[in-house]
Amino acid sequence: MAVTAETRVGGAAAPVAAARRSRRASAPRTGRRSRPLTAYLFLAPYLILFLGFIVAPAVFGIWISLHDYDFVLPFKPWVGLANYVDLFTPGSRDFADFWQSMGATGIFTGLSVPCLVVLPLGIAVLLNRKFPGRTFFRAVFFLPYVLGVAVIGLLFRYLLDPNVGVVNYLLGSSIPWTTDLPWVWVSLVGMTVWWTLGFNATIYLAGLTDIPRELYEAAEMDGANRGQQFWNVTLPGLRPVLVFVVTTTILASANMFGQQLLLTHGAPGTSTRTVIGYIATEGLGSFRMGAAAAMSYVLAVALLILSLIIFRVFRDRQDES
Amino acid sequence: MSTAALPASSTTAQGSDDNLEPQRHGHGPRSSPLSRVTFVVLLVVLTAVFVGPLLWMFLTSFKTPDGATSIPPQLFPHPATADGYRPLVDTGSQTPVIRWFVNSLLAGVANSVIVTATAALAAYALARLDFPGKKIVFAMIIATLFVPGFVFLIPNYLIVNSLGWLDTLWAVIVPSAGGAFGVFFLRQFFSSLPMELEEAAEIDGANRWQTFVRVVLPLSKPGLSTLLVLSFLTNYNDFLWPVFVLFSPSNLTLPAGLSILQGAFTINYPVVMAGAVIASVPAIVLFILAQRNIVEGVARSGLKG
C-alpha cells in the first residue's frame, strides 16, 4: 500500500506534496477523478434548460392530452384516453380533419422524399470532382437553405402567382399553382426541393469523399463500367449516409408547416393543410390543447414506427450483401 | 437523376478525359461520364435555377407595383425606386420590419450564445469528467434528439405562458436552448481533442475550470463557432413557434412578421420582396463569412448520425 505511483516514478520529485497531489489527480486516464460536484456544476446550466423545456413538456404533454384542456377555461376536466379514442373514432369531432391532414402530410412526404433523396445525390456526384470553383458551386446550391421558410414562402408566392408570376410567364401557361389540385402539390414540393436540396447534397458529398478511391480503381480493373461502379461502389459506400438522409428527410417533410401557411393557406379548401398545421391551429389557435397534444403523440408514434421500419429495411439489405 | 448512371454522354468524352486524368479528377471515379461541355452547361443551368429566384426577389424590391406585375416582366427595375422599403422602416406602422429585424438579431444572438455556453459546459462534463449517473444523463439527452419538436409545442406554450413570457422575446430565446444538438455536437468535438494538453495543464496545477477555460475552449474554436453560427441561423429562421407565441406588431421576429407583411400587402410585391430581402441579408452575409463552418458542420452532423 505504501508503494504509490509517485514513489515509484522517481525519488527526485516525489517529496513535493503539490506535485504529488496533481499527479494523483491526472495519472489514471480511466478514472479522471474529480469530485462529482464539479461535474454537476458544469452540467447544471444546461440541465435546467433541458429539464424545463424538454423533459418537463414531454411529460406535461401527456398529462394535457388526458384532459379536456382549454387554455382559456378555468376548469379542465380529466377525460382519460378520450382524446386518443376520438382520433380513431369515425364521426368524432377531429376524425375527418385530423386524418385528412395526416393524408396531406403523407402526400407531401411521399412526393418530396424521393426527389430530396435522388436529386441531391445527382448534384453531389456532379460536384465530386476537382474543378475550379468547386467550393463556389457547392455554396451556390446550399445558399437557399440558409434562408428561412418565411423568405422562401413569400418569394415563391410571387414567382408562382397565376397572373403575374414569372413561372407562368416563362412556361407560357396560366397554371393555378397556389389554388388548385394537383398544382398546389407540385408547388409545395418544388419549392421545398429548391430550398433544402443543398442540405442533402452536402451530406452526400461528404459521404462520397470518404469512399476510398482504390475501390473505383479495383472495380475498373474488373471491367466495371460507370453505371456498375455507381451501383456496386458508390451506393454501398453511401449506405450509412443514405439511411441518415432518408430518415431526416422524412422527418423534415412530416414537419411541413410554413410552406402551406405561406404559399397555399391550405387551399384548395383544407386539402394542403398538413397535420402540423392542424395541430397548431387547433391547439394554439382554438386552444383545444388536450386534443392537439393527443394528436402530436399519435403523430410522433407514427413517425417512430416509420423510422424503425426504415432502419430495418436498410439493415436487412446489409445482411444480404 | 443519377447523373453518374447515365450511359456516358459519349465515348470520345471519356477518351479525352483519360488524358487529363491526374489533375482533373479528385475524389470520385477516375474518369467522368460527362463531357466537359455537358458538365459546364449543367453547372450554369443549375446555378441559374438556384441564384435566379433570389436575384429576382432583389430586383423586384426596387420596382414600382406596376413594374413588378407587368407582362412581360421587367428584368431590371424601370423606373428603379426604393418605395418598397418605405413602409418597412416606419416603426409606427403595423409592419415595422426594421423593428422585427432588430428583434430577430437580438433573439438570434442571445439564443446562440446561451446554447453554445451551456452546451460547452455540459459537453465538457460528459466528455471528460466522471460522475454518478453520467450514463443515464447522457442517454436521456441523446434520446431526446429523436423526439420530434412538435411534441413540445403545446406544453411549452403553457410553460412559457406560466413564466409570463408570451409575447416577449424570452419565448423565442430560452426554450429552444434545451435542445440536445449542441451538447451532442460539442461532446463529439471535445472527445476528439488530444488528452495530453489537458493533462499537462493539470500537472501544472490547473483545476477543472481553468483547464476548461484555458485549454479546452481555445482548442475548440472551430467547433464553438460552428455551433454559434448554426444555432443563430436556426433561431433566426424559426417560423412555427414565433408565429404563435408573439402577437404584438412591435414584438415579432422577422419570420412571424413576414407572414403578416404578406397578408397586409398581398399583391404589392415590391414591399413584400423588400421585406424578404431585409430578412435574407443577415443570413446571406453570415453564410458568406462562415461558409466553411456551416457546410462542414452540416456535413459532419450527417456522418455522425
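The backbone N, Cα and C atoms fix where each Cβ goes, and this holds for glycine too.
Quick caveat, the model's predicted, so the values are computed rather than measured.
Here's what TrEMBL has on this protein:
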REGION    A:1-30  region 'Disordered'
COMPBIAS  A:7-19  compositional bias 'Low complexity'
COMPBIAS  A:20-30  compositional bias 'Basic residues'
TRANSMEM  A:39-66  transmembrane segment
DOMAIN    A:102-310  domain 'ABC transmembrane type-1'
TRANSMEM  A:107-127  transmembrane segment
TRANSMEM  A:139-160  transmembrane segment
TRANSMEM  A:183-209  transmembrane segment
TRANSMEM  A:230-254  transmembrane segment
TRANSMEM  A:294-314  transmembrane segment
- Item | Cβ-Cβ under 8 Å with the transmembrane segment (A:294-314): same-chain residues at least 6 beyond its ends | 61-62, 65, 83-84, 86-87, 94, 98, 102, 239, 242-243, 246-247, 250-251, 254, 275, 278-279, 282-283
- Message: Same chain only, please: residues at least 6 beyond the ends of the transmembrane segment (A:183-209) with a C-beta under 8 Å from a C-beta of the stretch. Say none if there are none.
- Response: 107-108, 111-112, 115-117, 119-121, 123-125, 127-128, 138, 141-145, 147, 149, 152-153, 156, 160, 175-177, 234, 237-238, 240-242, 244-245, 249, 252-253, 256, 259-260, 263-264, 267-268, 271-272
- Message: Should anything in the same chain at least six residues away from the transmembrane segment (A:39-66) have a Cβ under 8 Å from its Cβ atoms, list it; otherwise answer none.
- Response: 78-81, 83-84, 289-290, 293-294, 296-297
